[in-house]
Structures are given as C-alpha cells and as structure tokens.
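Take a look at the structure set out below.
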Amino acid sequence: MMEVRRICCIGAGYVGGPTCSVIAQMCPEVMVTVVDVNEDRIRAWNSDSLPIFELGLQEVVDSCRGVNLFFSTDIDEAIKNADLVFISVNTPTKTFGMGKGRAADLKYIEACARRIADVSSGCKIVVEKSTVPVRAAESIRRIFNANTKSSLSFQVLSNPEFLAEGTAITDLKNPDRVLIGGDETPEGQHAIQALRSIYEHWVPKNKIITTNTWSSELSKLAANAFLAQRISSINSISALCEVTGADVEEVAHAIGTDQRIGSRFLKASVGFGGSCFQKDVLNLVYLCEALNLPEVARYWQQVIEINDYQRKRFSSRIINCLFNTVTDKKIALLGFAFKKNTGDTRESSSIYISRYLLEEGACLHIYDPKVKAEQIMQDLTKLTPSERHDPATVSRLVTIVTDPYKACENAHAIVICTEWDMFTELDYERIHKAMLKPAFIFDGRRILDSLHDQLQHIGFQVETIGKRVNQRIPFTASGDRLVCDSQCLITNIEAKWPGSVNDIHILQKSVLYHQFQQGCFDGQLVASIHDDAISES
C-alpha cells in the first residue's frame, strides 16, 4: 500500500482550508500544503485574521501552521512534492450557455486536472473534494490518460465533504461518516486504503465507508438534496400554519418525535442558503433531465421553488404590513450570513430578501457581526443568471453599520434574517424608543419566540414564520390604536361603516383576510373591505 507523507490541497476556501488544517493537526507526521492562486487569501491564512470564520478554526491553525501545515501560492511545487492531491476548488452553477442556472461549471476542476498532469511525476493519488456531478471523476481520468507520461500514473478518488458551516471543525473531528469512492481495480483499492489510513488517525474504522466512484459522487448530491427537501417541506407547512392558526414549531416538534422522521432540519425559516444546497439540488435536476428522467427532475425542482417562494412570501409580508409600501422607509436588516457562526454569505436568504426590498425602494441598514461590508455590497450587486443590480442604486439605498442599535434608529421595521444568538439579547425597549411608530419586528428565524409577550408589551407588532402572533396592533389612518382580536376589529369597522351589512359572515371573512394577510388596516383598507363585502353580497 502506498504511504502518504505529503498532501497538497488545491483551493484554500471553506472546504480545503478547514479540512487540511484538521488533517495536519491529527496527522503530525504528514506535511500538508494548501495552495491557491489568490494571494490575498493565502496571506490571510498566514496571518492572525483568517479569511473565513469557523468556531475553533483559529486554534487548529495556530497549533500546526509552520510545523506541518503551510499555505502557499506555489502551486506547481506543492503538486510535484505531494503523494496525494485534494482538488477543493469552486464548482459554481453556470450563469450562461448550456445548462445555465442549473449545471455545475467544472472549468476550475478541469484546469486543476490539466495542471496536475503537466507538472507531476511518479505515482499520484488525486482526490475530488469539491462537490461535483456524477461521473466528473471520469472526466478527470480522461484528461490524465490523454496526458500520461511513461513515468507517471494516477488514481482518482472521490471523497466528498459533509461538514456544515458553523460547526465545520466539530464535523471534521467527529464525522458521522467519511466516504471514499474509487476504482474496483487493485490499484484503485490500494489508493482507497492509502487515503483511508489518513482518516484512521482519528476516525473510527466503522465510520469510513468505501464505495465505487459513482456511488460516492451521487451520495453527496443526494445527501444535500434530502436535507434541502426537509427544509422546504417544513417551510411549506409554515405557510399553511400562518393561515390556519397552527404553530409550525409545535407541528415540527410533534412530527419530529416520530423516530422514522426525526427532528433534524425541521426548523422553519426564510429559506436555506449556503454554497451547497441550492447548487447541488440544481445539479441533480440537470442530471435527471440529461438522463431523460423528467419526472424525477420536476420533483427535485420543486424543492428549489418552495425555497424561492418562502423568501418572496416573507418579503411580501414585510411590504404588506408596512402599509403596502416600503419606498424610502428605513428597514434594519439584522444578519447577512446564511446561518449563524459563519461569515459565509453564499446563497444567503438575506441577499434575496434585500434585493426584493431594494426593488421596492427600501433604505436598508444592514448589520452582521461577521460579514464584512465589502462582501455585503458585492453580494447585492453581483451578476445573477437573470439580472444585474445597479451598484449606484445599491450604494444609495444600502448602509452597512457596525452597531445593531444604530441600524434600528428611526427604522420602520426590524428584519431578522440570521439566527445570531446576540439578537435575542438586545435591549428591545431601548430599540423601540428609537424607532418610528408603529414599530415592526419580522422574525425570519423564529429566535424571538420566548420574547413575544415582552415585545408586544413594549409596543412592537411582531410577525414571524409559521405562526400567527395573536395580539396584533393595527392602526387607523389617524394613528388611533384599535383592539386586536377579530370581534373588536369587526366592531371598529362597523363604527366606520357607511351602510348596513346583511351578512355578517361576509364581513368576518373580509376582516380576517385583511387582518392576517395585511397585518394592519387603516381608513383605505376599511374602504377596501367595504367594497369586497358589497361585491360578494
């Protein structure tokens, strides 16, 4: 069996950096070099300010950097010296051409394969670490075979990562499983054992699964698709809860206690984000279409559509509650990372919600404890498959702040998009005093559930995902406070009613619709309700 003494990882991003840092810490006899073409990123890895935030990562890097862990831009030298090369480069969704918006763009994978073939000698194990479509390893192998020298041989393995951002170091040190796929030839099995020996330094043998290459590649896509499916499933139920009076948290708890279902990934929110879920589900959709499985493709496409629906639905709710307009209104958006305990914003729901509000002319004041201002502005102006957002407009309407209290001053509403723990500990009485009235809180992460009574007592109107907050605080056009339960709403409207109503059921139906869909009413809505009732009668 080949012994691995030197490892090279091409790509110093969210996968390559943490993964190889943990390998270096757990395998002190192995020399690990992480390389990247981005000089600024490598410089950050060699500093005390790492380019990514992960709990525990700084301590891991500090323990072995300069000893058996190195970060470099000398890619060719690292490849030449390595026994094993990880490919951990980005595989973004294509933004143009065939498969636009769904297929993975493998240009960086191909570039790595060609570079490895060009500078290598001897025997090399090349490992796909990036998430790739099924049979991508075959493409890498064909490039190697077409460029093989007499003194060179390759084995290609698939070793997908299953870490979750925010808990990456814990996931790497205590994985549910490590998956290694390779050829079923003797040479392929020797390569699998060589990589397996690295992980066996700290991972129990029964948690290391070996398969053929294709099963390994598909398992990664399928795992992320299943997790995304659970989130979209509970989010679809959250919409039903809001119009029926059920609480999605109670529903999730009830179904999660069924051992056949389990409680993980049943947290309703503004939608899933991150680098993998949407990209991998879309890759799966494209793969199914390419293999003439349209029914399967449509099934998985619906997971994405529900996620988009949840984001649009939440954004529309904000606009509707703010009297159907947010133009020139200051809105404090708390949280921009796609989840807490990470600075990663890729496919964050905050980006989409911000864009929807910006299209309506809202003035956003954005705060996140870990995301840099330049990253936020880049995300809000970057090219998408369908449109480009005008940098001048974004610059005019978006302000990045470093203090959550500053973000909320004179704001019409607070929108919580990331579940940072600190947002549950803010002084909301102080915040309410500094806001315009009526003051709204839109909790897109269900982190303020225990504070609802307190927030309403302070004077906030609280809107959340998957739950109808009972005591709403609607206002008339003159700003007079009205009683919030349905019967008192009817009484207040009858006092303003210009005529008689023969069918009280029609009135109740109209009131409930506007109360729970709009979240408020004023003189204009009273007139609208009157027109609805008369037209139905």
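Each Cβ is built from the backbone N, Cα and C atoms, and glycine gets one as well.
Any TrEMBL annotation is an automated prediction that lacks curation.
Record features, source TrEMBL:
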- C276: active site, nucleophile (ACT_SITE)
- 11-16, D36, R41, 89-93, 130-131, E165, 276-279, R346: NAD(+) binding site (BINDING)
- 161-165, 220-224, R260, 267-273, 338-339, R445: substrate binding site (BINDING)
- 332-450: domain 'UDP-glucose/GDP-mannose dehydrogenase C-terminal' (DOMAIN)
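Locations of recorded TrEMBL features on the structure.
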residue : record                   : Cβ neighbours (10 Å)
G11     : NAD(+) binding site      : 25
Y14     : NAD(+) binding site      : 24
D36     : NAD(+) binding site      : 23
T93     : NAD(+) binding site      : 19
E165    : NAD(+) binding site      : 25
L221    : substrate binding site   : 23
N224    : substrate binding site   : 23
G271    : substrate binding site   : 30
C276    : active site, nucleophile : 29
F338    : substrate binding site   : 26
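N224 (substrate binding site) and Q278 (NAD(+) binding site) are 9 Å apart (CA-CA, integer value). Comparing the binding-site residues N90, Q278 by how many other C-beta atoms lie within 10 angstroms of each C-beta, the top residue is Q278. Less than 8 angstroms from the CB of E161 (substrate binding site) sit V15, T19, K129, T131, each of them six or more residues away in the same chain. Summarising model confidence by region, the domain 'UDP-glucose/GDP-mannose dehydrogenase C-terminal' (332-450) averages a pLDDT of 93. The closest partner of E165 (NAD(+) binding site) among the recorded positions, by CA position, is C276; the full candidate set was L221, N224, A268, G271, C276. If you measure from the Cα atom of G11 (NAD(+) binding site) to that of G271 (substrate binding site), you get 28 Å.
With helix defined as DSSP H, G or I and strand as E or B, the domain 'UDP-glucose/GDP-mannose dehydrogenase C-terminal' (332-450) counts 45 helix, 19 strand, 55 coil. Neighbours of A268 (substrate binding site), defined as other CB atoms within 10 A of its CB across all chains, total 28. Closest by Cα distance to T93 (NAD(+) binding site), from the binding-site residues A164, N224, A268, F338, is N224. Summarising the environment of A164 (substrate binding site), the number of other Cβ atoms within 10 Å of its Cβ, over all protein chains shown, is 15.
A Cα-Cα distance of 15 Å separates L221 (substrate binding site) from N90 (NAD(+) binding site).
Geometry remark: D36 (NAD(+) binding site) versus N224 (substrate binding site), CA distance 26 Å.
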